[in-house]
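**Student:** Marked as active site, glycyl thioester intermediate by Swiss-Prot: C243. Sequence annotations record features per position, and here Swiss-Prot assigns ATP binding site to G76, D97, K120, N143, N177 based on similarity to another entry. Among the features that Swiss-Prot reports, Zn(2+) binding site is placed at C219, C222, C296, C301. For 343-384, the entry in Swiss-Prot reads region 'Disordered'.
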Amino acid sequence: MTNAIDELQAIIAELKTEVEEQRAVIRQSRDRIEHMSAEVVDSNPYSRLMALQRMNIVKNYERIRDKTVAIVGVGGVGSVTADMLTRCGIGKLILFDYDKVELANMNRLFFTPDQAGLSKVEAAARTLTFINPDVRIETHNYNITTIDNFDNFLSTITGDGTVAGEPVDLVLSCVDNFEARMAINAACNEKCLNWFESGVSENAVSGHIQFLRPGDTACFACAPPLVVAENIDEKTLKREGVCAASLPTTMGITAGFLVQNALKYLLNFGEVSDYLGYNALNDFFPKMTLKPNPQCDDRNCLLRQKEFQARPKPVVVQEEAPTDEPLHASNDWGIELVAEDAPSDAPTDLSQSTDVGQGLRLAYEAPEKSSAEATQAATAPVDDTSLEDLMAQMKSM
């Protein structure tokens, strides 16, 4: 009996190993593409993106392949953000998360039920690589808020850019807790890295994105939420069996705003919003800019503020408004444009209008009124004869 149990356990272990090996296999949808092409063919995944150049929206879209973006938090907003950037052809993505995929996550976008049990970064990397094998995916499965992991996070975002030893081009915060946001804020203030913060409310009907430039705009510690300002432990706020609401629509909209502004920043087109909110109840989209707090608790934020104030201010060159010059300076024929509602001084009788420019003559003269028109224009004489008298006159004829 013991031998049979041992054999069954060995078979189970072998099957588990085979399953893990199969799950570890990363599917590849196509071969890598060396250069983006604007050729409009069904086999070109970049033709619609490169059309932005033809329409003068982006000068050189292929520059996106030289960009590295770090995404912290691969949940409802972060996974969709990674998906969008991958489809846009970003050069490199660095994913940070320590959570696992659960069936409770299926109300959100991106993840599938067969990925339950996998780490979020691992599941995301496999799907993203299958979507676009041209994008390099780097994963880190740890909590960035611990001391050791924070140092690893700091070294990664400052040295794992597209070029070895260079910082990432942008950090995107898609986490769902203030502790992680403060960790990202501290790292970006210390290394003077621009980053976007994003979030969705607990009732799932509002979201926001915020662009933070150390020293120029308010950092996350300049105006902290109450839970941070009062040093409250977030874990004590969550009751057992109670969870925040989650709508894939709100998360998709927030992720769309986040990626849209990230692309504008990376490819230098359009205007990047410093703060953009969204209220789903009345479709309200507030925009604002938050100035840094001179009494911020983050010493690196205060240092960046001093550095920013010491920088020479960019000189704004005011372009002269173009003057409305006539398209054709010479007007030999005396032609003028008259507004439709302008009173006309021209005579109504064309036969009297013979004042034409030099070198022109009338093709014909307007005819005089015919005798028929003159007869119609004449006024009939007034007669007091009654209808009975007229009938009698007609019968006598």
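Don't overthink the numbers, they just go from 1 along the chain as shown.
Cβ coordinates are placed from backbone N, Cα and C, and glycine is handled just like the others.
Relative to the rest of the structure, where do these features sit?
**Tutor:** Within 10 Å of the Cβ of D97 (ATP binding site) there are 27 other Cβ atoms, across all protein chains.
In the three-state DSSP reading, C301 (Zn(2+) binding site) counts as helix.
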**Student:** According to DSSP, folded down to helix, strand and coil, what is C219 (Zn(2+) binding site)?
**Tutor:** coil
**Student:** According to DSSP, folded down to helix, strand and coil, what is N177 (ATP binding site)?
**Tutor:** coil
**Student:** Measure the Cβ-based neighbour count of C222 (Zn(2+) binding site), defined as the other Cβ atoms within 10 Å of its Cβ.
**Tutor:** 21
**Student:** List, in sequence order, the residues of the same chain other than C219, C222, C296, C301 whose Cβ lies within 8 Å of the centroid of the Cβ atoms of the recorded Zn(2+) site.
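**Tutor:** So the additional residues around the site are N185, N189, A218, F220, A221, P292, N293, D297, D298, L302, Q305.
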